[in-house]
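Asker: Below are the features listed in Swiss-Prot for this protein:
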type: REPEAT; residues: 48-78; note: repeat 'PPR 1'
type: REPEAT; residues: 79-113; note: repeat 'PPR 2'
type: REPEAT; residues: 179-213; note: repeat 'PPR 5'
type: REPEAT; residues: 214-248; note: repeat 'PPR 6'
type: REPEAT; residues: 249-279; note: repeat 'PPR 7'
type: REPEAT; residues: 280-314; note: repeat 'PPR 8'
type: REPEAT; residues: 350-380; note: repeat 'PPR 10'
type: REPEAT; residues: 381-414; note: repeat 'PPR 11'
type: REPEAT; residues: 415-445; note: repeat 'PPR 12'
type: REPEAT; residues: 446-481; note: repeat 'PPR 13'
type: REPEAT; residues: 483-508; note: repeat 'PPR 14'
type: REPEAT; residues: 580-610; note: repeat 'PPR 17'
Amino acid sequence: MSLSCGDLANHNDRVVSLLNVCRKAPSFARTKALHALSITLCSVLLQPVYVCNNIISLYEKLGEVSLAGKVFDQMPERNKVSFNTIIKGYSKYGDVDKAWGVFSEMRYFGYLPNQSTVSGLLSCASLDVRAGTQLHGLSLKYGLFMADAFVGTCLLCLYGRLDLLEMAEQVFEDMPFKSLETWNHMMSLLGHRGFLKECMFFFRELVRMGASLTESSFLGVLKGVSCVKDLDISKQLHCSATKKGLDCEISVVNSLISAYGKCGNTHMAERMFQDAGSWDIVSWNAIICATAKSENPLKALKLFVSMPEHGFSPNQGTYVSVLGVSSLVQLLSCGRQIHGMLIKNGCETGIVLGNALIDFYAKCGNLEDSRLCFDYIRDKNIVCWNALLSGYANKDGPICLSLFLQMLQMGFRPTEYTFSTALKSCCVTELQQLHSVIVRMGYEDNDYVLSSLMRSYAKNQLMNDALLLLDWASGPTSVVPLNIVAGIYSRRGQYHESVKLISTLEQPDTVSWNIAIAACSRSDYHEEVIELFKHMLQSNIRPDKYTFVSILSLCSKLCDLTLGSSIHGLITKTDFSCADTFVCNVLIDMYGKCGSIRSVMKVFEETREKNLITWTALISCLGIHGYGQEALEKFKETLSLGFKPDRVSFISILTACRHGGMVKEGMGLFQKMKDYGVEPEMDHYRCAVDLLARNGYLKEAEHLIREMPFPADAPVWRTFLDGCNRFAEEQRNTLNVVSFQ
């Protein structure tokens with residue numbers, strides 16, 4: 001029984017209706033069944049174009065591009081929709097050759113490309129510059145670029161993907177119409193490359209124009225903040241997102257957590273995480289990554305352990321972050337457990353995870369396991385080699401260089417990081433060989449490699465050769481190598497030369513000023529240090545924590561409380577005061593040496609993340625000012641919080657006991673040092689001898705000296721004799737009083 005034309009059309013319409021239903025919940029089995037039904041109703045040669053187009057579209061949506069291609073190839077006739085649909089499919093899944101072939105065929109049959117054609121081709125991830133510029137020209141020729149913002153936005157994304165930022169900016173400027181999506185893509189492009197200033201310019205323009213900002217508007221800028229680590233702008237964007245009601249959107253929350261973490265404000269990152277109404281795996285990865293970079297990286301491991309309680313399973317990004325934490329604190333057993341979890345859960349150890357494992361074992365000093373992980377990876381890339389080389393560079397220089405040569409023989413081209421790593425472990429002969437390889441491969445003018453070469457020559461006591469490298473550089477030398485030279489001068493004690501070189505820089509950066517300030521500080525040019533710091537502020541160069549540490553160290557040396565308090569006020573304005581533990585520790589030390597215990601306690605209480613150094617600095621300050629009992633209580637509190645005291649912690653508490661006359665407590669702690677894995681050194685014995693001698697326990701002090709595992713030095717004997725003299729003087733004074741009575 002044959003179907004009439006009307007019946008056939010009705011059946012085809014029903015097939016298309018069913019295909020549209022299937023599109024809402026795509027299923028390969030249902031699509032194939034409908035495809036078979038359409039062939040049954042009428043042969044392949046009689047299938048209408050609109051039916052075939054729908055089948056191609058659904059196969060493309062399911063990722064079955066080869067089947068979509070077969071349907072396209074068998075079509076008796078095609079229209080522009082047919083060509084655009086299959087071009088989109090091939091482009092989406094990276095088959096640029098087939099996409100371009102269909103595009104050429106389309107033009108051959110006289111079909112002019114439209115926006116859908118060009119945007120489909122531009123979305124292909126593997127499209128090269130030549131093809132991209134050709135499409136750019138065609139879009140201008142056929143008026144597609146000028147029609148609306150869609151094609152221009154696609155071109156902008158393509159140039160961004162190809163890292164052609166200037167071309168992307170030119171496209172943006174030439175576009176007659178710009179959609180919000182265009183602006184968002186441009187900001188994202190700039191943000192991901194760390195151009196925060198330019199990114200913020202576009203963001204402020206959008207705000208000025210009264211545009212309705214979306215999540216994407218914030219994401220690109222926040223990425224730029226993360227790259228540049230600008231805390232002030234992070235806060236501004238946070239406020240702006242709150243005003244727009246976007247601060248609860250999970251993607252914005254995740255980006256803010258990441259930005260605060262990268263800027264070193266772990267407190268705000270944790271607060272954002274806790275205040276979020278809901279989390280996803282990206283939220284967990286962001287907070288783990290943020291806390292991993294904090295003063296207490298073990299928090300990241302605790303968060304990792306708590307993930308299953310909240311219904312989340314770690315993914316590749318999570319494992320990479322926690323392996324980084326394990327390597328940072330050198331917890332070999334913890335990292336091994338994570339490695340075991342990966343194997344148990346059947347996680348495939350690809351390039352990213354493999355590199356993380358290589359790096360973890362290398363940083364923990366287990367080069368054997370690091371090499372095993374390296375050998376296990378099938379398709380190695382240069383990152384794998386860099387991770388392995390970095391491990392051997394810190395432990396075994398000759399093997400590191402042997403691996404470097406092996407890498408070259410296997411055809412891998414070194415990056416600037418590869419050279420920098422290999423240069424760490426060079427002796428003079430190997431350094432000269434590597435230098436020749438660097439020149440041969442054209443890296444001699446690379447600032448990063450040039451700086452590493454200078455450090456290596458300086459490390460091998462070849463200072464003049466290090467300085468000559470600047471003269472040999474063919475291109476204009478940036479501030480980075482010049483900073484290295486200034487640093488070399490400073491370490492050699494040539495402070496005048498260091499400051500003189502910095503003063504010749506047209507645009508010295510924060511590091512330049514820090515080197516000059518540190519150089520003057522080391523040579524005790526106190527007034528010059530203050531003048532340099534003032535000049536730095538007048539030049540609108542933002543001080544960092546190292547600048548403040550240098551100035552605060554000078555305040556400690558001079559016991560200048562007024563200057564120290566002024567610097568503290570400036571630190572508070574730049575938001576370093578509570579967020580940065582390193583700065584807080586130096587502030588505690590400065591106030592302690594200047595005799596302001598009240599300020600010491602205030603800074604200590606305001607410090608958000610206290611580490612062992614924070615507690616040790618407080619104990620030291622309390623001890624030297626006679627608050628022995630309070631120092632002892634703080635030491636006990638340190639232990640109760642899980643901190644493991646080190647050699648400096650014990651010197652601080654023994655000094656506190658010595659000043660407070662607490663012989664029993666002090667000697668009890670001295671005897672327990674080994675329980676905490678700390679072997680008493682000469683400084684500890686000196687404190688213990690002084691504690692005993694100055695309190696009249698001369699026999700015990702002498703016995704302790706005789707029992708020392710190494711010969712006592714002159715200061716130990718001097719301490720003992722001072723105690724003897726003091727005790728003898730006290731006895732004479734007592735006898736005189738008795739005689740007088």
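Residue numbers in this text run from 1 along the chain shown.
Yeah, the Cβs are placed from backbone N, Cα and C, and that goes for glycine too.
Could you tell me the structural context for the features on the list?
Answerer: On the 0 to 100 pLDDT scale, the model's mean across the repeat 'PPR 2' (79-113) is 84.
Below 8 angstroms of C-beta separation, residues 148-150, 152-153, 156-157, 160, 165, 168-169, 172, 219-225, 227-228, 230, 233, 240, 244, 246 of the same chain, each at least six residues beyond the ends of the repeat 'PPR 5' (179-213), sit close to that stretch.
Broken down by DSSP into helix, strand and coil, the repeat 'PPR 6' (214-248) contains 27 helix, 0 strand, 8 coil.
The DSSP breakdown of the repeat 'PPR 7' (249-279), given as helix, strand and coil counts, is 23 helix, 0 strand, 8 coil.
Within the chain, the repeat 'PPR 10' (350-380) has long-range Cβ neighbours (under 8 A, six or more residues past its boundaries) at 316, 319-320, 323-324, 326-328, 330-332, 335, 339, 342, 387-388, 390-392, 394-396.
In terms of DSSP helix, strand and coil, the repeat 'PPR 11' (381-414) has 25 helix, 0 strand, 9 coil.
Residues 382, 385-386, 389-390, 392-394, 396-398, 400-401, 404, 407-408, 452-453, 455-457, 460, 462, 472-475 of the same chain sit 6 or more residues outside the repeat 'PPR 12' (415-445) yet have a Cβ under 8 Å from a Cβ within it.
If you look at the repeat 'PPR 14' (483-508), the same-chain residues 6 or more away from its ends with a CB under 8 A from one of its CBs are 451, 454-455, 458, 463, 466-467, 470, 515-516, 518-520, 522-523, 525, 528, 532, 539, 541.
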Asker: Work out, from DSSP, the number of helix, strand and coil residues along the repeat 'PPR 8' (280-314).
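Answerer: Residue counts for the repeat 'PPR 8' (280-314) by secondary structure: 25 helix, 0 strand, 10 coil.
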